[in-house]
Amino acid sequence: MLSDPLTPAVADPSGTGPDREVVRARRRNGLSVPVDPSMPLPRRVLRDWRTWVSLGLVVLFVGAFLANWILFVPEHTMPSGTIQGLGTDVLPGAARLAAFTGVPLTILFILADRVRPQSLWLWLVALVWGGLVATGISAPLNTWAAAHLSVIGNGDPATSMRGAVFIAPFVEEAAKATVLFGIAILMRNRVTTWLSSISLAGLAGTGFAFVENIIYYGRVFRYVSSTTGTGDAQQAMNQLALMRGGMTFFAHPLFTMMTGIGLAVALRARSKRVRVLAPLTGFLVAALLHMVFNFTASSGGQVGLMLWFVALSVVAAMVGLAINQVRRERALVHARVTDFARLGWLHPDDADAFSRARIRSRALWEAFWAGPSTYLATVRIQHSATELAYLRDAIHRGLVDATGEAREAEVLRRIEQLRAVAVVVPQGAVEYPWQRWRRTLRQRREEGLPAWGGLLRGPTPHGPLGSSSTEYSPVDPRWGPPKQ
């Protein structure tokens, strides 16, 4: 039985903003904190924790970029040898080869996050974290762990099979998964679907693979170009790009997606054991797959080919799981929106309009050509309806207490406000601007009017004088020269 979500939120008796108990309850449940509309915008921005987290992340990303540059671009002398740096001249070519798979994978994971899309900010955080922070953490930790475990190599885990199999998987998967756990802790009200977790995990893995491919492509180019009798450097780099970017492009995103699945299970579970064991299991599965992948790459031969086909089967299974999850998430949104529609809080057509991908896409397309304000309102109303559905489902599961009802009331009011401007149900064929212009021109020709409405013509020579021209008042007979 649904309780009435239109109960107003508890306000501060002083009238200065939301009550502190309400704020604490919202944060405890992972819900958005109500904003005081009377507070000036600069003060609201400064008091928003996301502002300071964003600034901290920017500083962290810049520092990680500089650390990666110092680690990989110049040469480094180790006790057991010299690690040749990439240099600046090889970076553009290596980056282009890495982008052939990095860019399509990024677009694919963003498009996969369809039911309740995350913000561009979260997508960028996951992608850049994997590309800069995770690589900056993994390289020194791999070297440190290999040195303490007496693994033979020159400081690069790729030069030692034991380091690549037993050290790198745990270090790299932990570095990539850190951003997922951070987002889940700080913004768990946003990561409410499996698709969101898979998308963010895939972006983190894609960013890591992109930078790692640049490093490997650059190193093989440097090695071949500086070693006699090893062939053409560009050809060697292209062959490695075909192997890593063509045949095994799915590796790092697939590994991190396992951690994302475990995290998604934990966020939707009531059991405390499941909340602890599910992410841990996902991480261990990711590390295990990473170990098998590195062992395959190091061993080669028929065993490697067999394991490669096994990996393709896992990728196909993940694609099927994602497609099935899209259907389940759509059904969940439809069921929960139907609950509100039956009680009269939403329109009867809203269940189909907010849950079916085709209707949502057509509504966005129609709103796009209707103007920026209509398009923005349509995006917001679709996001609000999806948030409302998942919030009601969380209350039904016992993941959110009665505090969620106040948030439901806010979302319902926002939907009603946006409905007057947004496109909820598309009305049919879209009239594009050029079609509207041609229709207007045809009507003016039929009426005998100029095509452009006289906008380019000068003033009519015999027409009345305008307000901006010189006008003469009527002559008064009493006017005349002064009499003597």
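Placement of Cβ uses the backbone N, Cα and C atoms for every residue, glycine included.
All annotation found in TrEMBL is predicted automatically rather than curated by experts.
According to TrEMBL, the region 'Disordered' annotation covers 1-21 (among others).
Summarising the annotation, TrEMBL assigns region 'Disordered' to 452-484 (among others).
The transmembrane segment annotation in TrEMBL covers 52-73 (among others).
Marked as transmembrane segment by TrEMBL: 93-113 (among others). Residues 86, 123, 127, 195-196, 198-200, 202-203, 206-207, 209-211, 213-215, 217-218, 221, 234, 237-238, 241, 245-246, 249, 253, 322 of the same chain lie 6+ residues outside the transmembrane segment (93-113) yet bring a C-beta within less than 8 angstroms of a C-beta in it.
Look at TrEMBL and you will find 120-141 (among others) tagged as transmembrane segment.
Residues or ranges marked as transmembrane segment in TrEMBL: 161-186 (among others). Cβ atoms under 8 Å from those of the transmembrane segment (161-186) belong to residues 53, 122, 125-126, 129-130, 133-135, 137-138, 141-142, 145-146, 149, 151, 153, 197, 200-201, 204-205, 208, 252, 255-256, 259-260, 263, 266-267, 279, 283, 286-288, 290-291, 294-295, 297-298 of the same chain, restricted to positions at least 6 beyond its ends.
Sequence annotations record features per position, and here TrEMBL assigns transmembrane segment to 198-218 (among others).
Beyond the ends of the transmembrane segment (249-267), by six or more residues, the same chain brings 101, 105, 109, 130, 169, 172-173, 176-177, 180-181, 184, 188, 191-194, 196-198, 200-202, 204-206, 208-209, 212, 274-276, 278-283, 285-287, 289-290, 293, 311, 314-315, 318 to within a C-beta distance below 8 angstroms of the stretch. If you look up TrEMBL, you'll see 249-267 (among others) marked as transmembrane segment.
If you look up TrEMBL, you'll see 274-293 (among others) marked as transmembrane segment.
What TrEMBL records for 305-323 (among others) is transmembrane segment.
For the transmembrane segment (198-218), the neighbouring stretch richest in Cβ pairs under 8 Å, chosen from 52-73, 120-141, 274-293, 305-323, is 120-141. Tertiary neighbourhood of the transmembrane segment (274-293): same-chain residues 165-166, 168-170, 172-174, 177, 181, 248, 251, 254-263, 265-267, 307, 311, 314, selected by CB-CB distance under 8 Å and a gap of 6+ residues from either end. Sequence-distant contacts of the transmembrane segment (52-73) (same chain, six or more residues past either end, CB-CB distance under 8 Å): 85-88, 91, 121, 125, 128-129, 132-133, 135-136, 139-140, 186, 211, 215, 218.
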